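Engineer: Have a look at this one before I ask anything.
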Amino acid sequence: MTATISTTPVTPTRRRRRSARLSPLLVAFVLVPFAVESVWVFWPALQGFWFSLTRWDGMSPPTFVGVDNYVEMAGDATFRGALLNTVIWLVLFGGLSVLGGFGMALVLQRERRGVGFYRAALFTPVVFSLVVTALVWRVFYQPDGIADTLLRAVGLEQLIRPWLADPQTALYAVILPALWRQIGYVMVLFLAGLKAIDPALHEAARMDGANSWQRLRHVTIPQLRGVNAVVLSVIVIDSLRSFDIVWSLTKGGPYHSSELLSTYMYSTAFQSLRLGYASAIAVVIFVLALAVILGYLVRAFREEA
Amino acid sequence: MSDFDPGRRRFLGHLGLAGLGALGASSFLSACASSASGPTTGNGSGAVTIQSNLSSPQAKAAMEKLIANFNAQGKGTASLNTIASETFRTQLPTYLTSANPPDLYTWYAGSVANDYASRNLLLDVSDVWKSLGDYPQSLRTLSTDASGKQIFVPMNNYWWGFFYRKSNFAKWGVQEPKTWTEFLALCETLKGKGVPPIGIGLGDTPWVASAWFDYLNIRINGAPFHRELLAGKQRFDDPKVKAVFTRWREALPYFDPKGKAYPFQEATTALLAGKTGMFLIGTFFADAAPKDALGDLDFFRFPIIDPAVPLAEEAPTDGFFASAKTANPTGTRALLTYLSGVEAQEAYVKASSGIVLPANPKAKASDSPLVVKGKAMLDEAKELTQFFNRDSSDALQPTADTALTKFIDKPDQIDAILREWQTSAEKVFKG
């Protein structure tokens, strides 16, 4: 930060001398949070990497086993299932919430009568705690619940099944409530981005004879680049850490059919008490999140440069 | 078993984790390792701290009353910490390994306690047992660790059985079955009347299925084999284990298909409403039953399959153990002596709602016909088992949940299921 200040051309000599001596306040602002983060975030995170190389039950001291946990992971069918489910989750939950959120934002961006009500309605699920959301959806899915009643009303009773207890449907039955919540959130992010676009750009495009599709494709979307980065990070992180809704609806069951990496990590750590293996799963989740987000950021920066 | 109820209480522990995200979670794991700090109360010869997972309103009130009574006696002081059950379960190893642990804990007898004892984490309470000479040998054995000293003091136990409504059985004109053949015939009769014969609640509470496994195994292969299997000394892909599932398969067509989707509390509601015929469950289910239905409830023991196998019943025992590192062993033992006495046990039974049997043989249980029948059933048994997780570990329970729910869905794949079960059990035993 000091570097940018010092390059401003006004009275360069005096500025440069001052910037050489760091203000103690500034140092404190940097070092205190860094120290706190180190103790509470960086150091435990590094320890997590170390634990992934150990076998540990949480009581006896951890024993070093090298890459055994990762070798085991390669042959673990439950882990592969959880990884696949996480990818499905990332694509469906991430993709649909971006499409849905962006669509809703486009529809609701214009100030019209009653638009505030619709925005609020779509945003309401975000306000509910996820546990409440899960309880509501559980009632929806329960045998002879609302879902079954609706299907019967339209004559589709042959489709009725135990939604959360059937391995064919459990994962998708959990994605739906997660989407129900996430779309409202993504919509708000996009609405903010859309509001920030200079109306003059649209006007100029219209003058040049661009139709509404062309304006969307060549004006709106490029202008949203900054928001896209935020949305992508939010989506990837939310997908990989999706845990509460799955745990409170199915706990990853029945027999691992809706297991995500996050729920598998939790049950490995705190039910099976295999904290070394659970740490290895945590490392994989971290690497996945980092890879997706870094990949996007690198591309975004390259385009800007 | 009522306290091992992942459904409701697991939320607390989990929500905290969910917010931490991917990397945060690994920091959470390591936080347990690097800072093994427990509550800092209960030092020196001051108050004895008792860490309790009995968090349901009646049980909590009952414990508070006991501690107040103890403090009024002037033999020492104690303070009660009631912790949400699931938090308690996940934190228990941390409590016990911390430098300054709470003194006394509510928990389960059996292999869970023995496992802690083998790590030298539990206080030797043989002194307390000297005053418990009239306790049955089965409870003494259950409270003794591998090195021969007592490390556990039982408070009460309860039983599992097939519960049903007397009025419904009368309406359907059916009787309690004694043998497996009679049981299957009863199922057939009920099915013919359009009632799903066997209720179950596996959604959110999949561990309920373990009762079926436990009972079939102790009826077919006997309690000693069952214990060895759960301790990792036998294999889940053994033909003897497969025989359990062959029997189970005979009863599978009579299970309520909706039972996969709802928890045992709703299965209770279904039973009381006459939507299922009977329900294999522990007495704690009555907590979820309205008071007026209690008088109409009755039960029968799990039917006999092989009369040559010594009769065993599931009787999970709850009680207390103490930390080996307690700063006040005298006070802790005094409190344990009080809690195992007739007065405290009767006070607990009276104040708590559950249908439980006090561990002290001199303490009077409730005189309801249900409790009298339950006590008689346990007294008749040659062997008592605890429950799947208590005879093995909470770590092994999820492997059973996976195997058993899969079997109920796909009984054809039993060989593959048992192989998978053996593999995941080995991982748990290996650590």
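Heads up, the Cβ atoms here are built off N, Cα and C, so glycines get one too.
So TrEMBL lists these for the protein:
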DOMAIN    A:83-298  domain 'ABC transmembrane type-1'
TRANSMEM  A:22-43  transmembrane segment
TRANSMEM  A:87-108  transmembrane segment
TRANSMEM  A:120-140  transmembrane segment
TRANSMEM  A:170-192  transmembrane segment
TRANSMEM  A:275-298  transmembrane segment
Engineer: For the transmembrane segment (A:120-140), name the stretch out of A:22-43, A:87-108, A:170-192, A:275-298 with the most CB-CB pairs under 8 Å.
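Structural biologist: Between the candidates A:22-43, A:87-108, A:170-192, A:275-298, the best contact partner of the transmembrane segment (A:120-140) is A:170-192.
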Engineer: Go through the chain and flag residues at least 6 beyond the ends of the transmembrane segment (A:87-108) whose CB is under 8 A from any CB in it; none is fine as an answer.
Structural biologist: 115, 118-119, 122, 171-172, 175, 178-179, 182-191, 193-194, 216, 231, 235-236, 238-240, 242, 260
Engineer: What parts of the chain pack near the transmembrane segment (A:170-192), using Cβ distances under 8 Å and only residues at least 6 beyond its ends?
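Structural biologist: For the transmembrane segment (A:170-192), the nonlocal Cβ contacts are 85, 88-89, 92-93, 96-98, 100-102, 104-106, 108-109, 119, 122-126, 128, 130, 133-134, 136-137, 141, 163-164, 224, 227, 230-231, 234-235, 238, 242, 245-246, 249-250, 253-254, 257-258.
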Engineer: Looking only at residues six or more beyond either end of the transmembrane segment (A:275-298), which have a C-beta under 8 A from one in the stretch?
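Structural biologist: For the transmembrane segment (A:275-298), the list is 45, 48-49, 51-58, 62, 65, 69-70, 72-73, 79, 83, 86, 229, 232-233, 236-237, 240-241, 261-262, 264-266, 268-269.
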